[in-house]
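Peer 1: A single structure is presented below for examination.
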Amino acid sequence: MAYENIILEKEEKLAVLYINRPKAMNALNKDTLLEIKDAVTAVNDDPAVELLIITGSGDKSFVAGADIAFMQNLSAMEAREFGALGQKVFRLIEAMEKPVIAAVNGFALGGGCELAMCCDFRIAASNAKFGQPEVGLGITPGFGGTQRLPRLVGPGMAKQLLYTADVINADEAFRIGLVNKVVQPEELLPEVKKIAGRILSKGQLAVRLSKAAANEGMQTDIDRAMSIEADAFGLCFATQDQKEGMTAFLEKRKANFISK
């Protein structure tokens, strides 16, 4: 698929997906969502890539939201279908086997905040802005904001942000737990790639099983969640990576993981 609204770059075991609609502040329309879906599927299916970073082109906007010009004249049925598409694409990102990090540069509003939230975690530039401003447009969030925001920052803070349409800066996003770290804009991608490097130096089968256990466990009761973790723990002991990791530890050397 030829991309017009995104850029997908690969650097050894790492892929970087840029939302690339600078004239529209990287806003999301239907075509952009379909391109993201294609790229994410390709990354997940590529055995050479083990981690994905999602960011926005330029330094002003991660994703400014869903494209209001595109949405303005949608019928109720068309709007529901557009929301369902966004939910499906973001759920695909969330459910990827491989780790996904959001490198948030500039505005992450509405659909942009929702895109960041479906990633495993978020690192923000100091100029980043977050919010779900939809009620100010007479609509609700449509790409998962009412569901993921309470899970990340708690229901009280989430409802305040949802009801007021307040936009918060990167430091406040860090304070409430929406982002893991705030860095200067010029340090954003280098810092995220540094974190990615630390992840990639570990056993990737174990990383993926850890992600799956965490994601699945949050959707069920604690007893079922513990069983999911036990299954993941047991599976690790059928891998070459477990044998290599423990042998390397005992021999006081760096492990050479092969994802098998």
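The first residue you see is number 1, and the count goes up from there.
Cβ atoms here come from the backbone N, Cα and C positions, even for glycine.
Below are the features I grabbed from Swiss-Prot:
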- GLU114: active site, nucleophile (ACT_SITE)
- GLU134: active site, proton acceptor (ACT_SITE)
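So where do these features actually land, and what's packed around them?
Peer 2: The Cβ of GLU114 (active site, nucleophile) lies under 8 Å from the Cβ of GLY86, PHE90, GLN132, PRO141, PHE143, GLY144, GLY145, ARG148, each on the same chain and at least six residues away in sequence.
Annotation for GLU134 (active site, proton acceptor): spatial neighbours GLY110, THR140, PRO141, GLY142, GLY145, ALA165, criterion Cβ-Cβ under 8 Å with sequence separation of six or more.
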Peer 1: What does DSSP say about GLU134 (active site, proton acceptor): helix, strand or coil?
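Peer 2: In the DSSP reduction, GLU134 (active site, proton acceptor) maps to helix.
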